[in-house]
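Reviewing the structure listed below.
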Amino acid sequence: MAPSKIAQTAMLASRNLRKAGQYQAMRMMERNAATTAGTQTMTVRDALNSAMAEELDHDDDVFLMGEEVAKYNGAYKISRGLLDRFGERRIIDTPITEMGFTGLAVGAALHGLKPIVEFMTFNFAMQSIDQIINSAAKTFYMSGGTQPCNITFRGPNGAAAGVGAQHSQCYAAWYGSIPGLKVLSPYSAEDYRGLFKAAVRDPNPVIFLENEIAYGESFEISEESLSPDFVIPIGKAKIEKEGTDLTIVSHSRNVKHALEAAEELEKSGVKAEVINLRSIKPLDVPTIIESVKKTNHLVTVEAGFPAFGVGSEICAQIMESEAFDYLDAPVERCTGCEVPTPYAKELEDFAFPDKEIVLRASRKVLERDEANNFVRFDEENDGLIPIANSEKTSTTIKLQPQDRPAFFMLVILYMLQGVPVGLAFGSIPFLLKAKLSYSQVGVFSLAAYPYSLKLLWSPIVDALYSPKIGRRKSWIIPIQTISGLTLIYLGSFIDSILENPQDHLSTITGCFFMLVFFCATQDIAVDGWALTCLSKDSLSYASTAQTIGMNTGYFSSFTIFLALSSPDFVNKYIRSAANAKPEPLITLGSYLFIWGWMFLFVTFLVFFVPEQPSHLQTLSAPFTTEKQLYNHPKSTWEELKNVYVAMYHVLKLRNVQMLILILLIAKFGFQVNEAATNLKLIEKGLSKEDLSISVLINFPFEMFIGYYAGTWAQGKSPLKPWIYGFAGRLLVALAAQVLVYCFPSDGVVTPTYFAAIILHHLLLSFVLTVQFVSLCAFFNTIADPVIGGTYMTTLNTVSNFGGTWPRFFIFVLIDKFTDAVCLTGSVVLNEIDKETCVKAGGHVNVFRDGYYYANFICVACGAIILIWVRKKAIYLQSLPPSAWRMKGQD
């Protein structure tokens, strides 16, 4: 075919340029580039031209063939000057017959040469695809590995500008699916140089996909890449921009759009990591996986059609790898439109991704992640204090006004729950210790077990309910009614049996066992209601409501009750001297009676509270659907079975099993301090009213810390405060050892010593509250709402059991280590034995106090546990919510 008039004019101009020394000028340009220090710019056209020239110079078996590559210097001037330098034997013009010259080149490659085949566009290579796939790609395999085919197919790929549907297709996925081919898709000038040289030197057939628009674009290029020996390994992606919040994967010219979108996202505080694939086949899957594990979000960008594309393959690879468990939101793909490329510019611009499309996809991925509130953690303070990225957010997530009624309701319900718990865990052991040994108090501690074993019946609470009343109210109303009636009944005789607790220990333990059982059941329902009565933006305040409510109820039953039940305290601080009486202001029986009626009153009000607040009806569709999913009535027995099965699958999750192990052993180091220190102080002579005052001072401080600990626990590192709290609780336990040892020998508590007791309580309350709120925030983050309160209850149950199961053994251990005798020769086992000894004129001699030995053993074990737990906790909190979900959910 004769060249066109334009081509003839260009060829004539080319000859004139060569006569004027074009070749020498080009060589001078290359020398200058190689000797200039630092980085400089180079166009993609020059990068390809220089790389091709170097490979032709490097190996005599290399030659270039294609349409107009010689005399016309290439349709895009990629091969300019090569004909003059290497001659017609190695720079070969071909007729417009792609199938013919491709077959010729494949035959040459099979004969041992190394042809470079240029297509004016890879759209024209469809004419020769039989030769590329059936001859070049398959021969090495079909020859049993004896016949390599070293050939490079190169040319423009994908859309250019205004060239129509037949000249605008991306073939990355086409060739990427063929065994035996390697497929490269460079982005920058450095990519083009290094990858093209690697393609020519590779013994396999390589598809080198270029971009027509990129030919004239300039990129910075390093001095190293100008070396003739510079080669980029095939199959290795490049991280163009590092980030921590989002991974954007692209290839060819679309990397530019990804980088532009990443720069825009950074203005909003989102750090996107941009990966330039460079190699389509082999695909650098490990680099993508590691990035996704770091950022938890993924967007792919390509110009090919959406079906069966490069992005689809990346999605499949992530789905089949461990990175899937790290995703916090589904992957988003940015592709060309499912339409032949339009010719009109306005339509063509809509057919392919650009910066705005990548931005929309990125924001969609981040918005799908419910846990992502665009709050990041400053590295300088080790991630403890949340720092706003920009004007987009504040450091503290505020409770939404429309959620305040529900929040107040949750506080009241949790407060009711805290009243019997405060008695069972706090006041009653003090009342019993006045007449029983540590081991006998340990028997009563078994009454707390239902709170730690509620997992056994929590699925029943989640599954059985009346749709008319509501899933949570179906349990809250009857359980609180039974609890109120039980408190009223127990209040009628509890004072009389406490006169002789040794004879009625089993009755006392059994009654409070039932009360704690009722509270545990109510807790399951309230935990589940907390997940549905607050909007998404206020969900983290569920743990704050629990902290405030439980501590208020506990404070009432422990501090206030101990104070008001102490005649000395009442006579000193409440009654006047003239009205002093030997009786307390309130007895345990009257206290139970009052709270029994309070239970019934609150239950009456709850009956009229809607289970789902009206403002939640206006939530976004995904969140509304999620709430309806586990409030939708099904067959009762089918649902019950499903919940138990779901719970079984949750417990099978490896991450959940690791968390359970941590929760079961984490509290062992604090047990003696938190279970026996106050009892020991009372035993040594501290009055109950002084103890009540110290706890009273501690209460408002505990509320303050509980609220702000909730804000510290926001974000991706809720367990960091928990780890610090763990170490703090161990130090407080050691301080308790010193505090008890330094108790005044004359039994008179000085202001200084009393201040030390208060400080000890404040420090313990601080670290304990930080741990509690942080753990609750972590549970809220990972809990799967598909199974309602059961997931949350499971985690809370195990956490509670971790502090319950050692208590009985700790009390027994203290008695076993203790060696105390009366000088009359009798062994002293409890407070009654001491009183008997003193009344008989004897004196109790303590040879060995088991409290010190048991506390030291626990703290030592706790320190060892902390070293192991810290590493595991950091790992667990780095996992995305998907790592805590059941696989295969409907």
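Using the three backbone atoms N, Cα and C, a Cβ is placed for every residue, glycine included.
Annotation source TrEMBL lists domain 'Transketolase-like pyrimidine-binding' at 42-217.
Sequence annotations record features per position, and here TrEMBL assigns transmembrane segment to 406-426 (among others).
When Cβ-Cβ distances below 8 Å are used as the criterion, the transmembrane segment (438-457) is approached by residues 421, 424-425, 428-429, 432, 502, 505, 508-510, 512-513, 516-517, 519-521, 523-524, 647, 675-676, 679, 793-794, 797-798, 800-801, 803-805, 807-812, 814-815, 818, 830, 850 of the same chain, each at least six residues removed from its ends. The transmembrane segment annotation in TrEMBL covers 438-457 (among others).
Under the heading transmembrane segment, TrEMBL lists 477-498 (among others).
Annotation comment: TrEMBL describes 505-525 (among others) as transmembrane segment.
Positions annotated as transmembrane segment by TrEMBL: 545-564 (among others).
Marked as transmembrane segment by TrEMBL: 585-609 (among others).
Within the chain, the transmembrane segment (653-670) has long-range Cβ neighbours (under 8 A, six or more residues past its boundaries) at 726, 729-730, 732-733, 795, 798-799, 801-803, 805-806, 858-863, 865-866, 869, 872-873, 876, 879, 883-884, 886. Annotated transmembrane segment per TrEMBL: 653-670 (among others), in sequence order.
Residues annotated as transmembrane segment in TrEMBL: 691-710 (among others).
What TrEMBL records for 722-743 (among others) is transmembrane segment.
Feature annotation from TrEMBL assigns transmembrane segment to 755-782 (among others).
Residues 662, 665-666, 668-673, 676, 680, 723, 726-727, 729-730, 733-734, 736-737, 740-741, 810, 813-814, 817-818 of the same chain lie 6 or more positions beyond the ends of the transmembrane segment (851-869) yet place their CB under 8 Å from a CB of it. Per TrEMBL, the feature transmembrane segment maps to 851-869 (among others).
Sequence-distant contacts of the transmembrane segment (722-743) (same chain, at least 6 residues past either end, Cβ-Cβ under 8 Å): 384, 666, 669-670, 672-674, 677, 680-681, 684-686, 753, 756-757, 760, 763-764, 766-768, 770-771, 774-775, 778, 851-852, 855-856, 858-859, 862-863, 866, 869-870, 873-874.
At the 8 Å Cβ cutoff, the transmembrane segment (505-525) and the transmembrane segment (477-498) share at least 3 close pairs (sequence separation 6 or more) and count as touching. Tertiary neighbourhood of the transmembrane segment (406-426): same-chain residues 399, 447-448, 451, 476, 480, 483, 487, 512, 515-516, 518-519, 522-523, 526, 529-530, 533-534, 538, 541-542, 544-546, 548-558, 561-562, 595, 598-599, 602, 606, 609, 613, selected by CB-CB distance under 8 Å and a gap of 6+ residues from either end.
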